[in-house]
Amino acid sequence: MMEERRTVTALLLLVLGHLTTALEVPLDLSQPPTITHQSPKDYIIDPRENIIIHCEAKGKPHPSFSWTRDGTHFDIDHLSNVNMKQRSGTLVVDIRNDKAEHYEGTYQCTARNDHGTALSHNIVVRQSRSPLWSKEKIKPIVVQEGVPLVLPCRPPAGLPPPIIFWMDNNFQRLPQSRRVSQSLNGDLYFSNVLRADSRNDYICYARFPHTQTIQQKQPITVKVLNRKYQHDLILSLRSFYGFSERRPTFLTPSGQSSSKVVLRGQVLEMECIAEGLPTPEISWTKVSGELPAERTSYLHYQKTLRIVNVSEADAGEYRCIARNELGSVHQTIHVAVKAAPYWISGSPKNLILAPGENGALTCRASGTPKPAISWAMNGVPIENSPNDLSRRVDDDTIIFTNVQTGSSAVYQCNVSNEYGYLLSNAFVNVLSEPPRVLTPAHHVYQVIKNHQALLDCSSFGSPIPEITWFKDSRASTLDGEPYKIHDNGTLEIHGSQTRHNGKYTCVAKNMLGISENHVYLEVKEPTRILKQPEYKVVQRGRDAVFECKVKHDPTLIPTMTWLKDDDELPDDERLVVDSDSLTITDVTDSDAGVYTCIMNTTLDQDSASAELTVVEATPTPPVVYELPDAPTDLELTEQKKRSVQLTWTPGDEHNSPIESINYLLNLSLYPLQPLTANQSNGPGLYYRVMWRQKGVESDWTAVPVRNASKFVVSGTPTFAPYELKVQALNDHGAGPEPDVAHGYSGEDLPLAAPDNVQVQVISSTQAAVHWDAVPAKLLRGHLKGYKVYYWKERGLHKHNHHHEEKQILTFGGNHTHGKLPGLHPFSLYSCHVRVFNGKGEGPPSPIQPFETDEGVPGAPSSLVITDSNVDSLTLEWSPPHDRNGHITGYTLKYHPVNNTHALGPLEELALPSNETSVVLVNLKYSTRYKFYLNAKTKIGAGPPISQEAVTIMDEGKTATLEESANWHKELVNGSDNFVVKGLKAGVSYWVRLVASGQSDLPLQACFTLSPAVASRQVDIATQGWFIGLMCAIALLILILLIICFIQRNKGGKYPGEERGCHTDPEFQPMKEEDCTFGEYSDNEDHKPLKGSRTPSNGTVKREDSDDSLVDYGEGGDGQFNEDGSFIGQYSGKSEAPSPVNAMNSLNSFV
């Protein structure tokens, strides 16, 4: 009974099939809601951003929206931070003052209007999580050489799951091989350990892709003991592993068999990791069939088998085999394929019915196990909905008969099993609408001759209107070849011809009315290149002309474009483009390449290419040769009994000098008659040209040719092999039977692109490209070779700018691989391959992207020294412009340099990648340092940038001195001061005072030119130490006056008068703030006693400085002359000014 019922239902569906075609209801007509956009079922959100849950719908009237959360009404009116967009159901949750986890749950959107209610699927909102690794103390692992080892990772559970990788302390990926590899769960497996595996930085990293955060496990220390280490330990381990070679055993999975369940459409990954000595090799087979080659790949050195887009046919037994020299072991994996529900013939379609019509909604889906199907109407289970006599539910189908106005509703079909569910909305809209044609009126369609024409007639009506087409007058409907009317009303015309030009009328008709629309068809002549550019070999300095004559439809506007190597022509005035040619004057080597002319119209295009080869000027022979053309205008003159003279016009040499000429003399047995220019061996000379296609059973086709030396065979297929014969005949009969020649018909552009293009990155600057050869039948010409087009899309580092430069490598002959040199490290490249023949290039292969490996970085962009203190200075730098990878750190090296350029001890400092400055402390004052800074990636260190700096004497003032600094020199004669002009305020300057002709070190000082503002110096007159000093000096002077007064009264002489009491004046040091020198009073008129010292205005403490001019001379007796130069040692009797007087002249700079 059940089977009979299903048969009746199936027959009814066939009858109703033409009524269930899905139509798009115009929005100005009443219709139930339709969900147009919604968030995914599993919606993982970023806890740092606002939550946006999408729900968009259309309908007439426009629907209203509401939400449920975890099955209950979600009242957004009482939540100030939750808003719904206008005329939309999309929720926006502001989490600035809240936590995202408070809004986790299962959400469902409802859109309703007067004609029904539509539901979204359940949207499970969860926030992404990247938890920290639990703190643990990992003990060092000590193992014997040769044994297997597993380093566990066990990352924290995140959402979504993290990506696992192993690195060392320097952020370098740990090398993996057949012996050492990472498993699917992230553990690191050693089939056998070596002493080289000893290290203390096995670090497992977990990268959480949603938040782009990385968590790190505590480093694991592994120590591998030598076999000869500790005899007791060797004996205890020998019983378990032994140190001799051993057969493989599986580390994972355990046992002899295992099982795995995978869902249809997902990825199946199975792994087998074995230990043994030597290291085992892994291979895979499918016991119950063949592996799907196009969907199968191997990872982790054959240890992982990966099958994408799994289907039910992939279920069965798989076997992995581990094998080494001592034996093998296998593991059987039983794979079961389950399936979440999926549509068989698509989701249910909207149904538009007129009152009294019949129809059906079908919800046909499958799954493993078989899914259950349930129906709802306007969001309410259909069994709880009001009874409707026009509706009957039959499992996965709802059948409607004799529907009436008011029966419009939205029906939900829910298909579910234990692995998932499908929810689809489909409405039934009961309307009575006369036809309307939606295609714009009087639209003009243009099509190229012999191409397909499609004339649209989009319509709507209820009942569904019937479409008919007419051309020009309505004498008859268009039906049958070459016309075809599609279900959507479109008229198709196969192979349009000129006779199909004209006016077409589309008529839509139902019981409520009729509507028509007029459109027009114009059939255009195709665009064709009549004379194509030809391959040219041109000597350097000469001109090259490529012709490109085109025929096109006169009503279409053509556009001629020339390309060089598939790119725009260079902006060079030597390249002149005319209406039908390209002229290159004064050819250079850079002009060599492939030139393409493209004629575009609004409907079609045609193109042709030719190559230009530039060769050396004569006498150097050209690189490429062509056969010379045949001679023309052959004549026989001065005929004698035993001789005849031949004259002819030479053919084009094609840059290949003619070395010899061969001629053939055919003597007939018949008596010779006088010969003329048009006769040979007799009157009535003509030729019989014969040909037939090779490899095809056919007779020779023969054509007589008179008064011509060539004949064109038309109507031949492209590049087909032919056998050719040409026989001479005259009035006396036929000449000798000619030999058969072999040739090909004309070439055309290749039809296919190379398949299976693969790129293997060899290094950071080189990659290998492999491709499959194009089949000979698709070449349509003589194979010349392959061209690889490749270009840089962008750098992989976020700071690298987009940069694209196309390059071409040509591989002659039947090459199927090649290498791409000169690539930029750490960059994204794209490439495609084209085959080319004598006619030109074929279509490109699909673009193949590839990424180059990291390389060493360039030098840092800049290095400057700033912010110096007493014993420290700050270095600041900018990252390299060419990073060529992820910068893992910087290395700073520096050492002092003395005046003889001898180098002091080298200091080295490792700096992290996220720093661009460093403060160096404990430096020596008045010392020159040289610094070297380079950046590092995981590949290695790049070139350094260097800089020098000198710390200034006294309180750590430093300034950088470039080795290449240009000193401005001025000669100062007869003066103890000099004014430098043209300086800028706020800029630091160095000043050196050098004695002419002396080898002494120069007197050197720095200063900064300050703006004209009030000084903020401390008033020294208020300082206690200064007042005390003045009092002591005054007391000393008073005592000396008393002594002198007593001596004079006694008539004695003051010893100073004999010796000239002139002591060595002190040097006043530089000011601390601005590198200027303190003032010094040397006016003899103000000295209370000759030889005594009067203090300066006191801006620097005497005891704070241990520097003086003595440090720059031979001894304490050096001083300056009035012209600023050094003089010899002075006598105590001399009255020359103090060296400080010379230094005082520097104050004029401040």
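Glycine is no exception: its Cβ is also placed from the backbone N, Cα and C atoms.
TrEMBL does not curate its annotations; it predicts them automatically.
In TrEMBL this protein carries:
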- 1-22: signal peptide (SIGNAL)
- 33-120: domain 'Ig-like' (DOMAIN)
- 131-221: domain 'Ig-like' (DOMAIN)
- 248-336: domain 'Ig-like' (DOMAIN)
- 341-429: domain 'Ig-like' (DOMAIN)
- 435-522: domain 'Ig-like' (DOMAIN)
- 526-613: domain 'Ig-like' (DOMAIN)
- 630-748: domain 'Fibronectin type-III' (DOMAIN)
- 753-855: domain 'Fibronectin type-III' (DOMAIN)
- 859-955: domain 'Fibronectin type-III' (DOMAIN)
- 1025-1046: transmembrane segment (TRANSMEM)
- 1076-1150: region 'Disordered' (REGION)
- 1141-1150: compositional bias 'Polar residues' (COMPBIAS)
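The average pLDDT computed for the domain 'Ig-like' (248-336) is 93. Looking at which of 131-221, 248-336, 341-429, 753-855, 859-955 has the most CB pairs under 8 Å to the domain 'Ig-like' (33-120), the answer is the stretch 341-429. As a quick check, the domain 'Ig-like' (131-221) and the domain 'Fibronectin type-III' (859-955) clear the bar of 3 or more Cβ pairs under 8 A, pairs 6 or more apart, so the two touch. Assigned with DSSP, the residues of the domain 'Ig-like' (33-120) fall into helix, strand and coil as follows: 7 helix, 46 strand, 35 coil. Mapped onto DSSP helix, strand and coil, the domain 'Ig-like' (526-613) counts 3 helix, 47 strand, 38 coil.
For the domain 'Ig-like' (435-522), DSSP puts the residue distribution at 3 helix, 48 strand, 37 coil.
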